[in-house]
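Q: Take a look at the following structure, please.
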Amino acid sequence: MDQQVTNESSSVENRTIVVTTIMEAPYVMYKKNYMQLDGNDRYEGYCVDLASEIAKHVGIKYKLSIVPDGKYGARDPETKTWNGMVGELVYGRADIAVAPLTITLVREEVIDFSKPFMSLGISIMIKKPQKSKPGVFSFLDPLAYEIWMCIVFAYIGVSVVLFLVSRFSPYEWHLDENDEAKDPQGPPDPPNDFGIFNSLWFSLGAFMQQGCDISPRSLSGRIVGGVWWFFTLIIISSYTANLAAFLTVERMVSPIESAEDLAKQTEIAYGTLDSGSTKEFFRRSKIAVYEKMWSYMKSAEPSVFVKTTPDGVSRVRKSKGKFAFLLESTMNEYIEQRKPCDTMKVGGNLDSKGYGVATPKGSALG
């Protein structure tokens with residue numbers, strides 16, 4: 001056995017190793033002047049540098065080979081054959097795969113993986129929504145709809161309480177000296193300043209920070225008024241602090257925030273690569289949300305599966321917000337930062353996994 005391993009190691013050192021990879025920015029890309037270059041010098045990117053460092057460390061010669069079908073690697077459920085980079089390794093057409101190849105249980109059954117050189121997860125890419133400019137009712141934005149409704153009910157409630165308190169408190173019923181002088185036979189019925197309309201006016205004046213020409217005389221009325229003043233002080237301070245930001249900053253409202261949002265709607269289509277770990281993740285998932293998403297994707301017409309990542313990104317950009325692409329988070333974040341900067345990642349990652357360097361089972365390079 002030791003002799004066999006030694007012979008395999010010598011064989012690796014004495015020949016040029018075929019490194020299968022895939023054209024996927026920023027991992028493997030053509031240089032701008034690649035037409036004037038030969039061999040490995042035509043390529044650049046993260047995985048190109050990684051392959052170079054591995055070759056230096058192990059002491060081997062290598063040749064980069066772009067996978068002919070442009071796929072990562074999936075097993076055909078009918079023929080049981082593998083395509084993509086995994087197929088290149090399984091059928092002996094390549095010695096090692098250095099690419100953004102996701103480590104999955106199914107792939108580990110037929111090939112060996114190194115420890116992950118990058119951690120990631122499945123994420124959602126959508127077209128960046130148009131920035132919304134302030135409208136006529138933008139002054140309402142600093143507070144949520146529910147808060148505005150609570151303020152309205154609080155305003156009405158405080159006004160009614162103030163009215164009732166004033167009805168039952170003797171201190172709110174009073175006569176002016178002029179009223180007593182007008183009727184020498186007997187004092188008239190004492191008036192009460194806090195009728196229902198004056199109570200509403202007092203509460204509104206306090207809320208608008210303008211005050212009012214009447215004020216409670218009774219202790220109970222003053223307590224109600226004081227509580228309302230303190231409430232309006234907090235609300236107005238919070239509102240004022242946020243109003244300037246809401247009116248000066250253009251906001252983007254995303255229609256989708258998570259996988260759950262995608263699953264429960266039908267207006268926005270969503271899909272994955274036709275061959276790869278993301279599609280396999282949804283196909284094998286037992287989580288209700290992902291099962292629902294897979295059921296939609298496999299039956300959608302037209303098909304929501306794309307051949308390559310650029311095809312998926314292009315579909316997102318051309319869909320006018322009606323298509324979401326499910327792909328690895330690292331790729332999503334990279335594309336989001338590249339011109340024309342019209343896509344965005346929404347929500348958190350759907351899972352956690354890693355990219356690894358792959359070799360055939362039992363390879364001396366493993």
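Positions of Cβ are set from backbone N, Cα and C atoms, glycine also.
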Q: Out of E44, E53, E328, E333, which does TrEMBL tie to the same L-glutamate site as P100, T102, R107, S277, T278?
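A: Answer, per TrEMBL (L-glutamate site with P100, T102, R107, S277, T278), from E44, E53, E328, E333: E328.
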Q: For the transmembrane segment (143-165), find every same-chain residue at least 6 residues outside the stretch whose CB is under 8 Å from a CB in it, and list them.
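A: Hits for the transmembrane segment (143-165): 172, 194-196, 199-200, 202-204, 207, 216, 218, 220-221, 224-225, 227-228, 231, 235, 238-239, 242.
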Q: Near the transmembrane segment (227-249), which same-chain residues lie under 8 Å Cβ to Cβ, leaving out any that are not at least 6 residues past its ends?
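A: Apart from its flanks, the transmembrane segment (227-249) reaches 134, 138-139, 141-143, 151, 154, 158, 162, 203, 206-207, 209.
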Q: If the L-glutamate binders are P100, T102, R107, S277, T278, E328 per the record, what's the largest distance between their Cα atoms, in Å?
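A: Looking at P100, T102, R107, S277, T278, E328 as a set, their Cα atoms extend up to 17 Å apart.
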Q: For the recorded L-glutamate site, enumerate neighbouring residues of the same chain (Cβ within 8 Å of the Cβ centroid of P100, T102, R107, S277, T278, E328, site residues themselves excluded), in sequence order.
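A: Output for this site, in sequence order: Y72, L101, I103, T104, G276, K353, Y355.
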Q: So which recorded sites are near R107 (L-glutamate binding site), with CA atoms within 10 Å, out of R75, I256, R283?
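A: Candidates kept after distance check: R75.
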Q: Given a separation of at least six residues and a C-beta threshold under 8 Å, show me what packs close to S277 (L-glutamate binding site) in the same chain.
A: Y72, T102, T104, R107, K353
Q: Of the recorded positions R75, P100, T278, R283, which sits closest to I256 (site 'Crucial to convey clamshell closure to channel opening') by Cα distance?
A: T278
